[in-house]
Structure formats: structure tokens, C-alpha cells
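Enquirer: I have a structure I would like to understand better, so I am pasting it below and will then ask my questions one at a time.
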């Protein structure tokens with residue numbers, strides 16, 4: 001038996017016997033995967049360990065909740081505060097973190113490698129925080145939190161999905177989600193004008209993403225999102241799975257009208273379940289009743305299937321729910337099987353509101369307002385906050401150690417020694 005065949009057989013045995021792949025269907029063979037790998041095995045440590053960690057969390061925790069991070073610094077603060085995973089939203093990347101350098105709405109207008117770039121940026125920030133902690137010998141924070149990243153509608157067809165998934169893994173993403181919208185007309189799930197692709201086309205995209213992860217040798221968590229609860233357009237009537245929802249009406253662009261709603265979303269969730277690790281139904285309001293309806297329908301056919309839920313800032317929470325329900329909303333979702341829950345645009349709103357409040361106070365009271373921010377930072381240190389000492393936070397001490405190691409401890413140009421931070425911001 002050749003090494004090629006042996007590797008392929010081991011791969012297929014893992015798919016058959018490993019609990020990780022229970023219920024996951026692949027319409028391709030282990031041999032086909034090995035053919036696409038090339039001769040040199042490359043390890044993707046961050047992506048692999050993160051995916052394994054996230055899978056473990058999803059099965060051991062009541063639920064894993066995350067906030068959308070826009071920057072590496074935001075991700076560090078989330079982990080310091082105790083969150084166990086990071087969410088990376090394409091909406092936020094479009095708004096203020098894409099490689100085009102422009103502000104965009106959530107319509108896939110930015111370069112396709114922008115989200116992988118931010119994944120890499122966040123992982124490098126978390127790595128620096130870990131290096132600082134390791135050097136100082138204090139603290140036990142596990143900074144390498146798994147990142148679940150937004151691949152939107154794949155930025156094209158199945159080959160684009162394949163390449164985008166590879167880029168996500170290379171950057172260190174632990175989980176990636178793909179939605180069933182037409183990439184060229186993609187919209188935020190809470191905007192109008194969304195156009196679905198046929199169910200079988202969406203499944204091919206999921207197969208493509210899984211194939212990419214298998215070729216890379218990484219058990220990436222694959223999340224299938226459907227926008228069918230709100231989307232009332234579809235590109236084609238060719239797929240029998242979609243035909244019962246199509247009204248017969250056409251649009252000027254040639255799209256077909258559909259009966260949007262939870263039944264259409266359930267049908268798609270059921271179709272995607274064998275090809276994804278989690279199913280996410282994008283909703284238009286925070287409704288435990290609708291969440292239960294979707295979960296029950298999925299679990300009737302796929303017991304124990306993991307679900308994801310967007311606790312979106314596009315919802316006016318207090319206009320929809322009372323305070324008591326809001327406080328327990330995530331716990332109730334967790335009981336239904338929504339094991340990954342996230343606030344997509346938390347970073348955007350935290351960044352904008354905190355800066356507006358500071359600027360508003362600063363305009364009125366000058367340094368009094370900034371001093372209050374600084375005092376609030378000092379007060380948060382008992383909770384584990386450390387960015388009050390901003391020089392240390394970004395690694396000045398770490399690079400002082402690099403300099404001392406190079407010079408045998410004789411460097412006279414280290415940065416923290418003699419700094420105002422050393423003099424005025426001691427613990």
C-alpha cells in the first residue's frame with residue numbers, strides 16, 4: 001500500500017469513527033482529499049488548536065457567548081474579561097477594518113482577503129499578550145481564544161469559497177460561517193434586498209468549505225447560515241427543494257419571489273445540517289418562540305445538532321423584550337441547543353459610543369473628562385484590566401527584554417526604564 005493510499009484510508013477511518021465527524025456528510029473520498037494536499041505537509045497550529053478548543057467548549061459549556069471584535073486590542077480585552085471565544089463580523093470589517101481602507105455597508109464591497117487579514121491581526125495581538133504574560137510570569141489567562149470569522153456569501157462561487165476558507169485557516173480562524181445569499185447582491189441580514197441562491201448551490205459551497213479544511217488538515221468549525229427567514233428573492237427555480245416557496249412572480253432583474261419566513265428557513269436548515277457543524281438562522285427580532293420553533297424542527301430530524309444565534313445590535317432589545325427576559329435570553333437559548341451566541345457589532349458600538357462620550361465630555365470639561373476615563377481604568381484593574389499602563393500593554397517591556405538578551409544585559413537604551421509609566425503608573 002502506498003503512503004498516499006494509507007493516508008487516505010486513515011482519513012476515511014477518522015471520518016467514520018471519530019465522534020468529531022458524527023453526522024457530517026462528505027460527497028468525496030479521502031483519496032480525493034489527499035490528491036489535493038501536495039507533497040509537503042504544512043501545519044496550521046492556531047487554526048487547528050483553536051478549532052479543537054472551540055469544539056470542546058461547544059460540548060462542555062451550556063453555551064459559548066462572544067462579542068464582535070474589530071481590533072486586536074478589543075480581542076485582548078474580551079479575553080482578559082473572561083470571554084472564551086472571539087467573533088469577527090464582516091459587517092465590522094466592512095465598516096472600519098478592511099484592506100481597501102474605506103467605510104462600507106455590509107454588502108461584500110471590500111477585498112475578499114480583508115477578514116482573513118483581521119483574523120491574523122487579532123491572533124498576533126493575542127500572541128503578544130500571551131508573550132507579555134509569559135515573560136512577566138504572572139497571570140493564567142489563556143489568550144489563544146478561538147476566533148469564529150465571517151466569510152459572508154463566499155465572495156463568488158464554490159472555488160472562491162474554497163480559497164477563502166483556506167485563507168481563513170492560514171490566518172488562524174477556528175470557525176467560519178457562510179450564508180446562502182447571492183454573493184454579488186449580498187446584504188446584511190437585517191437589510192432588505194437579499195437574494196438567496198438555490199439550496200443545492202448553498203450546499204456545494206458548504207462542501208467546498210469542508211473540502212478546503214480537509215485539504216489543510218484542520219477540523220475547522222463550519223457554520224451554515226440561512227437568511228431565508230427574511231429573504232424573499234431567489235436566483236433560480238431550478239432546485240426542487242425551493243420550488244414550494246416560489247410564488248411565480250419575477251423581478252426586473254430576473255429573480256424569483258419567494259414566501260420568506262421561518263418555514264423556508266427551517267427547510268434550508270434541514271438541508272444544510274449534514275454538511276455543517278452548526279446551523280444559524282438569521283432572524284429579524286429577538287424571539288425565544290421563533291428560536292424554539294427553528295430548534296425543534298432541526299432537532300426532530302437531527303437530534304443534538306448544534307445551533308448558533310446572532311444576538312444582534314440591529315434589534316432594539318428593550319422595544320422587543322422586557323428586562324427580565326433580556327437578562328436570561330442567552331441562558332434560554334442555550335437550553336434549546338444554541339451553543340454559540342454572539343453580538344456581531346459589539347466592537348463597532350463600543351468603539352463609537354465610548355469615543356463619543358469621551359469627546360462630548362472633553363468638549364465641555366477638557367481634561368476633567370479624560371481624567372475620569374483614566375480613573376475608571378484604574379478602578380477596573382481589580383477585575384484584571386491592565387491597559388492603564390499602555391506602554392506595558394503593547395509590549396514595551398517585552399522588547400526591552402529582547403534588547404537585553406541581544407546585548408547580554410548591558411543595553412542602556414531600554415524604553416520602560418526612565419519612562420513616565422514607570423514613575424507614575426506602578427501597580
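Glycine residues also receive a Cβ, built from the backbone N, Cα and C atoms like all the rest.
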Enquirer: Please state which member of 128, 225, 268 Swiss-Prot lists alongside 89, 90, 91, 189, 190, 310, 311, 312, 313, 314, 344 for binding substrate.
Expert: 225
Enquirer: Judged by the number of other CB atoms within 10 angstroms, which among 89, 310, 314 is the least packed of the binding-site residues?
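Expert: It is 314 that, of the binding-site residues 89, 310, 314, has the fewest other Cβ atoms within 10 Å.
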Enquirer: Roughly how many angstrom lie between the C-alpha atoms of residue 188 (active site, proton acceptor) and residue 314 (substrate binding site)?
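Expert: Pair distance, Cα basis, whole Å: 10 Å.
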Enquirer: Out of 91, 190, 312, 314, which of these binding-site residues is nearest residue 150 (Mg(2+) binding site) by C-alpha distance?
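Expert: Among 91, 190, 312, 314, 91.
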Enquirer: Using DSSP, would you call residue 91 (substrate binding site) helix, strand or coil?
Expert: helix
Enquirer: Which ones in the same chain are close to residue 91 (substrate binding site), with CB under 8 Å and 6+ residues apart in sequence?
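Expert: For residue 91 (substrate binding site), the qualifying residues are 68, 106, 150, 188, 344, 345, 348.
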Enquirer: What is the number of other Cβ atoms found within 10 Å of the Cβ of residue 150 (Mg(2+) binding site)?
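Expert: For residue 150 (Mg(2+) binding site), the count of other Cβ atoms within 10 Å is 26.
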